[in-house]
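K.L.:
If you scroll down you'll find the structure; I have some questions about it.
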Amino acid sequence: MASNAIVTQKNGKLPWNERLSYGISDFACSFSFNLVGTYLMYFYTDVFGITASAVGTLMLVARVIDAIDGPIWGILIDHTHTKWGKSRPFFLWFNAPFTFFSILCFTTPDLPMTWKIVWAYVTYIGVDVLYSAINIPLTSILPSMTTDPDERVLLSTIRSLFSNFGGTLISVIALPLVALIGGKDESKGFFWVAVLGASVFFVLYLIAFFNLREHVQTRSSQKPLPVKQSIKALKNNWPWLIVVMEIFIYWIGMSAKGQVTMYFFKYNLDAPGLIPLALFFNAAGIVSVFLTPLVVGKLGKKKTMLAGLMIGIVGQAILGLGAHMLNIPIVIIGIIVGNFGNGFVGALPAVLLSDAVDYGEWKNGVRAEGIVTSASSFTAKFGMGLGGAITGWLLALGNYVPNKTQKASSLLSIEFNYVWIPLIALFIGFVLVLFYNLTTDKEKIMNHDLAIKHHREEQEDLALARELEN
């Protein structure tokens, strides 16, 4: 029988072991990589001793490289054809390399300043590129797990719940563990916390690899796609373009905010002891993620995304008021409100990109899970890098000096990163999503047409298989 003769699809609900395995995979990513996103700038400037301007440039350079490697990983996925599928093998192949580099990022070899910067470039760019290798397949596998729209929303919700929990958990426990393990030696503490995060990632990603399956097999997904053919899936794919632009802008703001959380509480509010508590309130996003399927059922995906962005804007405005008044209770309220909105925003991109995969097949006849969904990783990481670069440059412009009483210009640069850059990013994201054109009614028509197409292909391949057997 020809190897591509039978087309199978999983149109119904997935078993809970697959749902939970999909969730723990992003718990693993967030538990490990959020340590980098939240604490690495502080680690570089205040522990490793690199200047803020050098760190800012490093983060931008790394993201420029990401703009190149992201699509490459997507193309590699589209060219992969193994007994495990197209996306799933990457869970296994790049697990150990990412684990290794995520530990190297928090090591502090005794080197001259120039070689410290070189070390930071090699390890940070390494962990960044390898993160794409393990995180892009996590998004590209979703449209291959099921074609059911409600099941996709549920899977993305479970993924976001676990992701929020993993990110919040490591953010809250990291500094207490650094102090407990390292005492006054923060370099020792950060190293062993990185080992903890990497070990958790390694084990959980192996579990995800063994439990997940790619149930949706179409004629095109059973063979490698040429690059030119893959790119055709993006032609006039406006839902894809809007989503990736929103992801890029959103993560500029969230990266700028995340990178200076420690600085804001340590220097602006003079309350470093509140850092774990402030990061704990990221859990407000878990509540909204949990509510996402219900809200999507009532409002649809577009209006749910818009609601999340608007709530985030309100939260940042409240945060700005608290920062101006140096009022900690108002700051905390702003954090809670903002994170509640961000939960909706974070839960939906994977679903919307899965819809964009279907849209590309519907409009252009090409189903390219890798190239379409890889945009979520490289635009998010490029946005994170640009946000981190802006943070570093603004700190340098404000004459930031580590572990000293800060000048008014330095405090202003910290506040601008923590409050106003995220607010501007959320507003731009809101405007972008207003132009998202894959409505609920259009999606129903698209899914109906694709179901007919896939059924016809399946019947043709079955007929071919019987003819070959005879």
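Positions of Cβ are set from backbone N, Cα and C atoms, glycine also.
According to TrEMBL, the domain 'Major facilitator superfamily (MFS) profile' annotation covers 18-441. For 20-42, 48-69, 90-109, 121-142, 162-183, 189-212, 233-253, 273-294, 306-326, 332-357, 378-398, 418-438, the entry in TrEMBL reads transmembrane segment.
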K.L.:
Can you say which of 20-42, 48-69, 121-142, 306-326, 418-438 has the most Cβ pairs under 8 Å with the transmembrane segment (90-109)?
P.N.:
121-142
K.L.:
Considering only Cβ pairs under 8 Å, which range in 20-42, 162-183, 233-253, 306-326 makes the most contacts with the transmembrane segment (273-294)?
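P.N.:
Stretch with maximum Cβ contacts: 162-183.
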K.L.:
Would you mind listing the long-range same-chain contacts of the transmembrane segment (378-398), meaning Cβ under 8 Å and 6+ residues beyond its ends?
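P.N.:
Distal contacts: 37, 41, 45, 51-60, 62-64, 66-67, 69-71, 128, 131-132, 136, 244-245, 247-256, 259-260, 263, 406-407, 409-414, 416-417, 421.
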K.L.:
Thinking of Cβ pairs under 8 Å, which stretch from 48-69, 189-212, 332-357 has the most of them with the transmembrane segment (418-438)?
P.N.:
332-357
K.L.:
Determine which residues of the chain contact the transmembrane segment (48-69) at the Cβ level, with the cut-off under 8 Å and only residues 6 or more beyond its ends counted.
P.N.:
41, 108, 113, 116-117, 120-121, 124-125, 128-129, 132, 187, 377-378, 381-386, 388-393, 395-396, 400, 402
K.L.:
Determine whether the transmembrane segment (121-142) and the transmembrane segment (332-357) share at least three Cβ pairs under 8 Å, counting only pairs 6 or more apart in sequence.
P.N.:
yes
K.L.:
Between the transmembrane segment (306-326) and the stretches 20-42, 162-183, 233-253, 332-357, work out which stretch tops the count of Cβ pairs under 8 Å.
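P.N.:
That would be 332-357.
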K.L.:
Between 20-42, 162-183, 233-253, 332-357, who has the most Cβ pairs under 8 Å to the transmembrane segment (189-212)?
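P.N.:
Out of the listed stretches, 20-42 contacts the transmembrane segment (189-212) most.
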